[in-house]
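Features of the protein shown, as given by TrEMBL:
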DOMAIN    43-340  domain 'Sugar phosphate transporter'
TRANSMEM  44-65  transmembrane segment
TRANSMEM  77-99  transmembrane segment
TRANSMEM  119-137  transmembrane segment
TRANSMEM  144-165  transmembrane segment
TRANSMEM  171-188  transmembrane segment
TRANSMEM  200-218  transmembrane segment
TRANSMEM  230-252  transmembrane segment
TRANSMEM  264-286  transmembrane segment
């Protein structure tokens with residue numbers, strides 16, 4: 001994520017895994033563990049439902065903004081730019097509110113430091129690639145196929161972990177990756193058989209998977225620059241992205257497209273744009289909530305189940321008819337993702353119980 005889902009899931013995972021607290025999220029342990037079982041179960045159910053709702057709603061809303069026949073706005077970079085601008089504005093606004101005595105006084109004060117901004121720039125380039133390729137994939141493929149189209153994130157995690165971090169992967173985890181790859185290619189074949197295949201969408205789906213993996217690695221490298229604060233990193237990342245999007249939009253002629261757009265003065269359109277930005281900001285927060293109240297393993301399982309529900313809802317909503325093999329490809333991707341998550345969870349538990357295992361082997365590569 002989403003995983004668009006976007007999109008900020010990798011950043012939050014790295015921050016939470018590294019012990020960096022988010023001042024908007026409840027503290028770990030403490031009173032929550034002592035709360036009655038029924039209350040804790042209800043709280044977890046509400047958090048998971050909130051994550052599902054925001055994540056699925058964001059995908060459908062972005063699909064409308066990017067590829068709606070009624071809207072006819074061919075400016076995917078502008079949509080992504082606007083969502084980044086909303087996120088940066090919300091970060092700054094909440095920080096200013098905290099300084100004035102808001103309910104979250106622990107939020108750090110945000111100010112733009114050009115030296116820090118330059119240090120975060122490599123991550124911002126990867127971040128732009130991630131959010132843009134996610135949206136371009138969604139623009140060119142259907143919501144039902146979106147999960148399969150960008151399903152190779154786990155495979156790139158394993159590949160980049162070996163190439164860049166020299167971390168090996170167990171046989172069982174590799175077999176799970178093989179199932180994901182098989183499901184991906186079967187899905188591509190079935191989309192082609194149904195006449196709905198977009199090679200442009202497939203390209204951007206693969207690129208999105210690669211960028212999500214790179215985003216997690218670069219986040220871990222850049223976090224010390226912002227003193228381990230996920231809040232500051234989100235702010236700088238989105239500010240940098242807004243600046244970098246301007247020449248890209250100019251180069252691709254999106255300003256001319258916006259000038260000729262007939263709904264530029266429509267309040268309903270801007271309301272949908274703002275709502276998309278709010279969902280983009282909220283997905284990172286609810287992802288963090290779900291991890292805090294459950295665990296990274298449970299979060300991945302929830303994300304896999306959410307992807308299944310999202311696919312079914314898309315098929316029903318758009319009144320599509322899919323073949324048995326098409327559904328099989330989705331089940332292979334979801335099953336492989338679940339199996340990989342389960343295997344990595346078991347390996348991490350075993351690593352924590354065995355003090356002889358190197359610390360470098362205890363890291364979970366999944367995002």
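Cβ coordinates are placed from backbone N, Cα and C, and glycine is handled just like the others.
Curation plays no part in TrEMBL annotations; they are all automatic predictions.
Remember, it's a predicted structure, so these values are computed and weren't measured experimentally.
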For this session: State, in range form, which of 44-65, 77-99, 144-165, 230-252, 264-286 has the highest count of Cβ pairs under 8 Å to the transmembrane segment (119-137).
Result: 230-252
For this session: Using a Cβ-Cβ cut-off of under 8 Å, list the residues of the same chain that are 6+ residues beyond the ends of the transmembrane segment (144-165) and lie near it.
Result: 3, 59, 134, 137-138, 173-174, 176-177, 180-181, 183-184, 187-188, 191, 196, 201-202, 205-206, 208-210, 212-214, 216-217, 307, 310-311, 314-315, 318, 320, 322, 329-330, 333-334, 336-337, 340, 360, 363, 365-367
For this session: Could you please provide the mean pLDDT value for the domain 'Sugar phosphate transporter' (43-340)?
Result: 89
